[in-house]
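Student: Mind having a look at this structure? Questions to follow.
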Amino acid sequence: MATLRVDEIHKILRERIEQYNRKVGIENIGRVVQVGDGIARIIGLGEIMSGELVQFAEGTRGIALNLESKNVGIVLMGDGLMIQEGSFVKATGRIAQIPVSEAYLGRVVNALAKPIDGKGEIIASESRLIESPAPSIISRRSVYEPLQTGLIAIDSMIPIGRGQRELIIGDRQTGKTAVATDTILNQKGQGVICVYVAIGQRASSVAQVVTTFHEEGAMEYTIVVAEMADSPATLQYLAPYTGAALAEYFMYRERHTLIIYDDLSKQAQAYRQMSLLLRRPPGREAYPGDVFYLHSRLLERAAKLNSLLGEGSMTALPIVETQSGDVSAYIPTNVISITDGQIFLSADLFNAGIRPAINVGISVSRVGSAAQIKAMKQVAGKSKLELAQFAELQAFAQFASALDKTSQNQLARGRRLRELLKQSQANPLPVEEQIATIYTGTRGYLDSLEIEQVNKFLDELRKHLKDTKPQFQEIISSSKTFTEQAEILLKEAIQEQLERFSLQ
């Protein structure tokens, strides 16, 4: 019988001791006492931060929102159907963050930045906090560069600048999403990264928007963040912050970004649902007391950065839905007070066939002409005043039996100006063509035409100008001013087109 020598035993023991590698760690673990309706109550999580991520035993994640003396209120980032009472929950020690990279361009993702378009995983080496602080006062500079939407009514009278927050507000089915998507389509070739955030919408509506982006070649520079109507309230609440984090990634890399939140009414409703289930005290319209902060901390992240930070920008176009045109409701007034102006879409104008249905009278941009090129200021300076006078005169004309010649001419001019503001969807115009269109209307060249002929004439004029007077576009795009030479070229093109049109 073989016997082990002392040195062999010593060697075996040494090897075993060297292989022994026991890690000692402390984990913050709690237990589920109640779960349901997307909310879980946990006991035992003593040291946990507000907003910290937690991991349930069956894989679902959640965010700690209510820190109470006896328990912690967790909102679930999933349906949580498999979570059982008494199961364990582990605090991760991390605040919610998402991966970010250039690879997100052209993709459709959810509120956790996971792809939902079936095109495979997205490779990202960096990450950003979903809720990061807004740039400080010193980090910003005033808005001075225009962000062209391609819509004549906006670019001429309610201009938007890079780094601005402009609210799009109106009833349902008034074309709010169409204004936002047309703005994205118009950024093609402008070096602007676009993020479209769909919150609580029908999957068919989001699919339609994505299809439009693909058809028009806009997905190359666009990221779509989508949480549908059947998504948990937590994810609908997080989606705008995820979109903002993706846009910020590009902004801090000296790029220009545009973000659309479609729409913040749905986010507020999701937050109200979460807050009521967490037993937070309800306020006006049953919204919690911090619903203003919900939107202000999101929209304050839009900024124009100063030269030390690279002059990047993030322009936000939040959308808010009103009920029967009531802009004095809680959420609309909150967002109006946070933003730098609003574009009001009217159901009456939409039903009258004026599309985009922008009510120019009560729409405003608080940045104003600082966000316009000089050529647009020169040509469109008085158009808002003329349209306001036309609206006033039109209301008066309903009661007056006879109008003098001057008033009749003013009414005729106003009707043609309103007609030239009409644009079909997915047909944004470059700023040079907008300037030509507005000049034609404000200088009275359309007065001799029937109203039904105005848009046909303008379409043909823009084509004629592009084909025969390419120098016009070159002058405007290079000098940004409406020079005498540009005016001569435009007048020639208008006269030629009027002669051709009269022969038809």
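Even glycines carry a Cβ here, placed using N, Cα and C.
The following feature annotations were taken from Swiss-Prot:
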BINDING   Gly170, Asp171, Arg172, Gln173, Thr174, Gly175, Lys176, Thr177  ATP binding site
SITE      Ser363  site 'Required for activity'
Student: Which state, by DSSP, holds Arg172 (ATP binding site): helix, strand or coil?
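Tutor: SS state of Arg172 (ATP binding site) = coil.
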Student: Given a separation of at least six residues and a C-beta threshold under 8 Å, show me what packs close to Gly170 (ATP binding site) in the same chain.
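Tutor: Long-range Cβ contacts: Lys176, Glu321, Thr322, Gly325, Phe344, Leu345, Ser346, Ala347, Ala357.
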Student: Cα-Cα, whole number of Å: Gln173 (ATP binding site) versus Ser363 (site 'Required for activity')?
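Tutor: One finds 18 Å between the Cα atoms of these residues.
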Student: Among the recorded positions Gln173, Thr174, Ser363, point out the residue whose Cβ has the most other Cβ atoms within 10 Å, with all shown protein chains included in the count.
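Tutor: The largest 10 Å Cβ neighbour count belongs to Thr174.
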Student: Would you please pick out, from the binding-site residues Arg172, Lys176, the one with the fewest other Cβ atoms within 10 Å of its Cβ?
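Tutor: Comparing Cβ neighbours within 10 Å for the binding-site residues Arg172, Lys176, Arg172 has the fewest.
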Student: For Thr177 (ATP binding site), which DSSP three-state class applies?
Tutor: helix
Student: Could you give the Cα-Cα distance between Gly175 (ATP binding site) and Ser363 (site 'Required for activity'), in whole Å?
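Tutor: Here the two Cα atoms lie 15 Å apart.
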Student: How long is the line from the C-alpha of Thr174 (ATP binding site) to the C-alpha of Ser363 (site 'Required for activity'), rounded to the nearest angstrom?
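Tutor: Approximately 15 Å lies between the Cα of Thr174 (ATP binding site) and that of Ser363 (site 'Required for activity').
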Student: What Cα-Cα separation, expressed in whole Å, is found between Asp171 (ATP binding site) and Ser363 (site 'Required for activity')?
Tutor: 15
Student: What's the CA to CA span in angstrom from Ser363 (site 'Required for activity') over to Arg172 (ATP binding site)?
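Tutor: Distance between the two Cα atoms comes out at 17 Å.
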Student: Can you tell me whether DSSP puts Ser363 (site 'Required for activity') in helix, strand or coil?
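Tutor: Once the DSSP labels are grouped into three classes, Ser363 (site 'Required for activity') ends up as coil.
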Student: Just how many other Cβ atoms lie inside 10 Å of the Cβ on Asp171 (ATP binding site)?
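Tutor: Step by step: centre on the Cβ of Asp171 (ATP binding site), count other Cβ atoms within 10 Å, giving 18.
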Student: Setting Gly170, Asp171, Arg172, Gln173, Thr174, Gly175, Lys176, Thr177 aside, what same-chain residues sit with their Cβ within 8 Å of the center of the Cβ atoms that define the ATP site, listed in sequence order?
Tutor: Glu321, Leu345, Ala347, Phe350, Ala357
